[in-house]
Every structure is written in C-alpha cells, then in structure tokens.
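The structure appears below as structure tokens.
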Amino acid sequence: MGESRRLNPNILVTGTPGTGKSTTCELLLRNLPDYTYYNISDFAAKNKCYDGYDEARKSHIVDEDKLLDELEPLLHSGGNIIDWHVNDVFPERLIDLVAVLRCDSSVLFDRLNKREYHSSKIDENMDAEIMGVVLQDALDSYEEQIVVELQSDDTEQMAANVDRVVTWTTMWKEQHPEGVTNELSAHQAKKERNDESEEGDFEEQGSDASSESESDSESEGSK
Ligand SMILES: Nc1ncnc2c1ncn2[C@@H]1O[C@H](COP(=O)(O)OP(=O)(O)OP(=O)(O)O)[C@@H](O)[C@H]1O
Ligand SMILES: [Mg+2]
C-alpha cells in the first residue's frame, strides 16, 4: 500500500482568545476558497467531544482524545485551516504551519471587555497573552521553522498577515510538488515517544488549564 500524502498544507491559526483567529481565518478562506475551515470550539460541540463542564470558567472541557479521533482523518487530505487557542494537541506530522496571533495588551483588553467576560476570565487571558503562553506552547510542540508569530492589533496588520500566509501556501506548493507524507518520520516518532513518557506525571494532576475550551458564544459574532 502507498503511504498517505497531502498535496496541500494544514495551517493552524492559534493565539489567546480575542487575538483575532476567527476573523483572520475568515479572511484567509476568502483567499483560499478550496480550504476547509475547522473552528475547534464549534467542532468539539458538534461532535460531542466534551469531558465535563468547568463551572469556574463557564466552559466545556474538551476531550482531546475524542477530538483527535474525529479530526485526524479529516486532516489527511490537507488544505485545512484549524482555529483554536490550544495548539499543542495536534499531531506534528499533520501540521505544516502554526500561525500564532499576538495582540497588544490594551487592544486585547478592549476586545475582551466588549464580550462581557467575567473579569477573572479577562485577567486570565490577558496574563496568558502578556506571558506569551500560546507562542511558548507552539514552540514546545512544533519545529521552530513552522511557527510564525503574527502581530494582529489592527486591520492593516491582519491584512498583511493574511497576505503572508497566502504567499506561504503558494511557496509550500512549489516546494512540495509531490505533497508531504501523513506518516510519522523517524524523528517525530522518537519525539512522540519521549513526550508520552514525560506526559504521564502532568496529566494526573489535571493541571493543563490551557486545554479547556472557551464558552465563546461571543466569538460567533465574526461569522
Ligand atoms: N487585527 C484586528 N484588527 C481589528 N480588530 C480585530 C483584529 N483581530 C480581531 N479583531 C476583532 O476582535 C474581536 C475578536 O476577534 P476574533 O473573534 O476573531 O478572536 P478569536 O481569536 O477568534 O477569539 P476566540 O478564541 O475567543 O474565538 C472581533 O470583534 C474582531 O473583529
Ligand atoms: Mg474565534
């Protein structure tokens, strides 16, 4: 049997809630109309990938294993744009670009404030953005060359980011005329094994707050 390959790249658009992922993806899709868009908050809801509800955060807890069971086969075809504030759950072998949106803290505060989030949720997201948590997660999970940090404070920057990603897709196609494999490389297999053996300890403590989905009814406004 031949190996499974994708002829178009999979793009992950990530960033702290409010940095503009969904708005950016909407613009990207206008330029890349053949791509398929997955807003993971919506996808998890539709496919019932939940594992409980976090009362304090007023958000569903996403069952990441179930999410990946549903999503992974869909990524094999390539040409997908994935939108989620969590980025460290997707298999490295299926992701070609990780665009991390960044936002100035006062701009982000205004955006989050408009959503009428509880102040603790605003503070949590502001702290995460100021500390660069999402960027660090991306750098910990993917090769540095595929992680790109994009400032998105205003509409000019957003348009420039969209142009940059679209240009990148053209270059990717030129550089990979035969596509790329969906299979694990030897290097990735080794890394996954190492990650799994490290993970055991952390998971037990349930400390990974970043893997919880926002109950983002407000973010629907951009669609
Ligand atoms: N670069 C930008 N310039 C101006 N306004 C922006 C920009 N990016 C996003 N916005 C605005 O900020 C708000 C939040 O954007 P959006 O919903 O796209 O964020 P998000 O990252 O998808 O958030 P969530 O993770 O909660 O879904 C929207 O009102 C959007 O119009
Ligand atoms: Mg969104």
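First residue shown is number 1, and so on along the chain.
Here the Cβ of each residue, glycine as well, is placed from N, Cα and C on the backbone.
Here is what TrEMBL records for this protein:
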type     : residues                                  : note
BINDING  : GLY18, GLY20, LYS21, SER22, THR23, ARG115 : ATP binding site
REGION   : 39-62                                     : region 'NMPbind'
REGION   : 114-124                                   : region 'LID'
REGION   : 176-223                                   : region 'Disordered'
COMPBIAS : 195-223                                   : compositional bias 'Acidic residues'
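Packing around THR23 (ATP binding site) is summarised by its Cβ count: 19 other Cβ atoms lie within 10 angstroms of its Cβ, all protein chains included. Applying an 8 A CB threshold to same-chain residues 6+ apart, the list for GLY18 (ATP binding site) reads CYS103, LEU108, ARG111, LEU112, ARG115, ASN125. Between the listed binding-site residues, namely LYS21, ARG115, the fewest other CB atoms within 10 angstroms of a CB are found at ARG115. When other Cβ atoms within 10 Å of the Cβ of SER22 (ATP binding site) are tallied across all protein chains shown, the result is 19. Under DSSP, residues within the region 'NMPbind' (39-62) fall into helix, strand and coil as 7 helix, 10 strand, 7 coil. In the structure as shown, the Cβ atom of GLY20 (ATP binding site) sits within 10 Å of 27 other Cβ atoms.
Checking the binding-site residues GLY18, LYS21, SER22, THR23, ARG115 against ligand 2 with a 6 Å cutoff on the Cβ atom leaves LYS21, SER22, in sequence order. DSSP assigns GLY18 (ATP binding site) to coil, not to a helix or a strand.
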